[in-house]
């Protein structure tokens, strides 16, 4: 659409409301897009476009998710008008050339006149009518050069604004394009459009391909990169009956998937719809400005007409100056800069938030977020589940000492990149037991079960209860006297005999303390609301070092809702949660923030803001974006009003320059757009260098919850290099490091499951050889070179679009 600002929305509404068969429509000014829901049997797409173009709105049809930007160059009217105007400046050398200004007017006035006539036909007053009057007035006063300047500036302004708006909206447009477009039928190998896939269709997904539709694995095993939806840092093992999601990437293996949804109902499609819907929801500020603009232009026209009548009524001598003053005021009647001040800024803020992995369901929610004074957090699944810590570790054989068993286990686990492995290695080092992975032989990984290795002539198996069969043992140790609620239990077998048992518990998420302290520094009161016991809540508070100001434990869902309502008395309150029991509190809060796909469906639907990752450090970043956009809107309004006041003041002072008024109007529109685009500039990471993710091997058995387990431990292995084939060399914690590379079972065995000569690492370049710190929910796995070779062009485009959701994830180049 050839939209300038929201002043043209009433014209579009009037046209579409007059068409039979149009059921609903929405106008998105920043993207210059109109989405129309219509009955194609009554009114076709061509008829809708034709009706809009009769009003010179330059409408064209664009497929969903497709970018259809055509105005790469100025219109021929603007180019020819500009050339003629430039040549007219040579009148100082050759006087007859001054008449070229009339030619510039004649050429450039054509599109303005056509649009003005279309507006009059629909009984609306827009900027084209105001400019046409201004040009006519200048010609009547024999100021041809000024009239030509007005025409050229106005025609070129539309192109400049279109280019600027396109840059501002390109980010948001790319977010929609992440939805897979093609799928392969497992039985025939035929490739079809994803939107043609029906329920219960079996699809084939090869290694390196993107899963096209939500479904359940029917056959095969693989590891899947789910960072797009869940923020999971590590590959997630999939086997028969496992659920997989559209737009996630099959890293290795071949699977067949039975679809459980159609393309438009997939999780990623619903998330993309959230992004699109957010664009059409106006903030309170925008609604107020739009309402004022309805009266602004008519009032300016009346004032301009009154000024033009002054010389006739009062018989003043300097009639020409009064007419010029009238024209200046008339051109200043264009409300475009003011109308663009809010939507463009909000659009850029929504784009930036989306790139940070924060989906805001509307501009109004972003505006509310900027005024938040209190933030209440759920504990389980929101603040916790970032790192594992060893809660209990016992040796079951009297002839094996505690430290000896710990040495064997930590040495073997040093060769693994499973999140729980790091906890066991750290547990050993904290007790002065230094692992030596170089002494481990025959290291092997059993996905979903555990690992094994030979050390000091002993075959040691470590994993969940399934690892017992690998060791040849038919029973597992009993758990008498263990508090296993909410903990993961691991077993150690020495040959056929059980040798040890240990429990690991969730710790607070990596970055939770940092996020809460940042919120506290911003003047936000932080509160924890949990249904867990007081001891568990107190333990979490202690881990956070007092970053949480208030803790409420043992709460039912209705209790959380009641406390949120009490907190609202202290100021606007946000609630952050992920579970079904958080939904009432999310709905009651001024802003509800849900944890995305990792949270319950009800929590996601109830929340006003959805975190696409489990990293709550995104919350203060989103808050800063909200505060920044509020500041930009104020700046834009001041710029819009002050520039028009300045040009009118200059005219009143005796310098009524109509061309300067047009230039000011154009310049102010561009300034407002570029000032808003500053929101997109310099999107920060988390203050740390980016890092490679690592693979998982399904290590332990969960007794309490079904949540996938992740870890955010600092990597204490050496950076990948050509002369080190193992990753477990002793290394001071805190030194420069890198994550080990996720890989399939074959390469894990071949390369000792660690940083190896042929493995790719985040420390490929000198610039990236600094510290790489794992950040929960941010950094996905590094795909091996051979995996990327399986990607075709379309899959590479999808991967690039996936990365747009998480700016903190670096783009791997094959």
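Note that Cβ sites are derived from N, Cα and C of the backbone, with glycine treated the same way.
Of the listed segments 24-42, 43-61, 100-118, 119-137, TrEMBL assigns transmembrane segment to 100-118. TrEMBL tags one of the stretches 589-611, 658-680, 681-703 as transmembrane segment, and that stretch is 658-680. Long-range Cβ contacts of the transmembrane segment (322-350) within its own chain (Cβ-Cβ under 8 Å, at least 6 residues beyond either end) map to 4-7, 29-31, 127, 130-131, 133-134, 137-138, 141, 150, 165, 168-169, 172, 275, 278-279, 282-283, 285-286, 289-290, 293, 296-297, 300-301, 303-305, 307-308, 310-311, 316, 360, 363, 366-367, 625-626, 628-629, 632-633, 636-637, 639-641, 643-644, 647-648, 651-652, 656-658, 661-662, 665, 668-669, 671-673, 675-677, 679-680.
Note on the domain 'HMA' (1-60): mean pLDDT across this stretch is 79. With DSSP classes pooled into helix, strand and coil, the tally for the domain 'HMA' (1-60) is 21 helix, 13 strand, 26 coil.
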